[in-house]
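**Q** Could you have a look at this structure, given as structure tokens, before my questions?
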Amino acid sequence: MNEIKGIERAVQVEVPRPRFLLLAFTDINGSLKGMEIPMERYEEAVEDGVSFDGSSIPGFEGIEDSDLIFKADPSTYAEIPWEGIGRVYGYIYKGDEPYQADPRGILKRVLERLEKEGLKAHIGPEPEFYIFKKNGTWELHIPDSGGYFDLVGLDKAREIRREIALYMPYLGLKPEVLHHEVGKAQHEIDFRYDEALRTADNIVSFKHVVKAVAELHGYYATFMPKPIYGFPGNGMHLHISLWKDGENVFIGEDGLSDTALHFIGGILKHAKALAALTNPTVNSYKRLVPGYEAPVYISWGYRNRSALIRVPAFKGSGARIEYRCPDPSANPYLALAGILMVGLDGIKKKVEPDSYVETNVYEMDDAERERLGIDTLPGSLGEALEELKKDKTVREALGGAYKNFIDYKEREWEEYIEYLSSRDIPIDTKKVTEWELERYFYV
């Protein structure tokens, strides 16, 4: 009965005419930030922008040079029914010029490079999340005993998941499949693919609605890559295809097209540095360990879930690749910018993809992987940042934001190392620390 009432509440929401408008953007971490203005200022927000102080936004300017302007993108307007306000994404400017560290602007610039080649990227994400009962401590309370695709033992979680899906269309998302994931209290709601910029917006919107609905029910939802040691981590597999003149250019006859293979080649070539964007937290590397279906070996294959890149289909409009290492702590604008930049680089340079595998990579011994030329992803955020420093192409994707990003993330890594040292915890620990929970639980 409670479940039915919850669903009815979501369906019957009456959305009054919004009197306030949320101007929303992300910081360098991908966390949602914003300010509200009266709806009467909407046109001003589009035409002239609204100024704000960026000095306290993670990854933005210091206090000595922090005057920024938000300009609304009216194509992103939506209404948030549980708050009764409007919401719009946009771009950040510094004076009359696009601000170098604006994540959405970074992706836009990479997409303009694709467009010069006549290409558009379609991307479908699969973000996973956990739902925990609030109890005021870091002793995370698991509210259900379900497993993969289970239909029993879900109690409140099932109601929350359905209510999330019912709210999603208000924000422009089209839910496709809802199901329980492998971990207890772990869930996934897949939504329809879209062009790259809209997909990045949708990921931000999805995380917003998931957290908000869980909160309405007295629960926490977290997209933290590995909230509990020994439990499956939260991934965000990305299904990617490129289109030209309305045709999917990944389609081949007996396999993927050369364009698709070179795109894969570019990703594999830069995968180590790319990890700094697709897996940008200390906690990300607690997920990327063997045994949990999270890829650690740089390889690719057809329908092979142990590979870093899987090819689910190569015929028809559904021809695509699946990049399996990203997690939902990534800033989606930066992650997609990096992936598309290195993929385009692979196409231009005709990079052939090595490390093709048909069998389970995890079951190979070191000698077999070495024979096949299979390398590994970085084992920590620190290693990923060192790879990023050496990779010109991934740095180029970030553009002027590279310094902001590397400085911010190096401080993050240093703080973690200091925490471990102060408690005599080994630097290579795979246990989830309280430092990580405090820093990443709300990503």
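A Cβ is built for glycine as well, from the same backbone N, Cα and C atoms used for every other residue.
Note that the structure is predicted; figures quoted are calculated from it, not measured.
I grabbed these lines from Swiss-Prot:
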| type | residues | note |
| --- | --- | --- |
| DOMAIN | 11-97 | domain 'GS beta-grasp' |
| DOMAIN | 103-443 | domain 'GS catalytic' |
| BINDING | E126, H237, E322 | Mg(2+) 1 binding site |
| BINDING | E128, E181, E188 | Mg(2+) 2 binding site |
| BINDING | E176, H239, I240, S241, R305, R310 | ATP binding site |
| BINDING | G233, R287, E293, R305, R324 | L-glutamate binding site |
**Q** Mind telling me which of the binding-site residues H239, R287, R305, R310, R324 has the densest Cβ neighbourhood, counting other Cβ atoms within 10 Å?
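**A** In terms of Cβ crowding, the pick is R287.
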**Q** Please give me the binding-site residues out of E181, E188, H239 that lie within 10 Å of E126 (Mg(2+) 1 binding site), comparing Cα atoms only.
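**A** Matched binding-site residues: E188, H239, sequence order.
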**Q** Let me know how many other Cβ atoms fall within 10 Å of the Cβ of G233 (L-glutamate binding site).
**A** 25
**Q** List, in sequence order, those binding-site residues among E128, R287, R324 whose Cα sits within 10 Å of the Cα of H239 (ATP binding site).
**A** R324
**Q** Between all pairs in E176, H239, I240, S241, R305, R310 (listed as ATP binders), what's the biggest Cα distance, rounded to the nearest Å?
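**A** Those residues reach a largest Cα separation of 21 Å.
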**Q** Enumerate same-chain residues with a sequence separation of six or more from E188 (Mg(2+) 2 binding site) and a Cβ-Cβ distance below 8 A; give 'none' if the list is empty.
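**A** Correct list: E126, P127, E128, F129, V177, L178, H179, H180, E181.
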**Q** Distance between R287 (L-glutamate binding site) and I240 (ATP binding site) at the Cα atoms, whole Å?
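**A** A Cα-Cα distance of 22 Å.
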**Q** Including all protein chains displayed, how many Cβ atoms other than that of H237 (Mg(2+) 1 binding site) lie within 10 Å of its Cβ?
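**A** A count of 21.
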**Q** Taking the Cα of R324 (L-glutamate binding site) as the centre, which of the binding-site residues listed as H237, I240, R305, R310 lie within 10 Å of it?
**A** H237, R305, R310
**Q** Where does R287 (L-glutamate binding site) sit by DSSP, helix, strand or coil?
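**A** DSSP call for R287 (L-glutamate binding site): helix.
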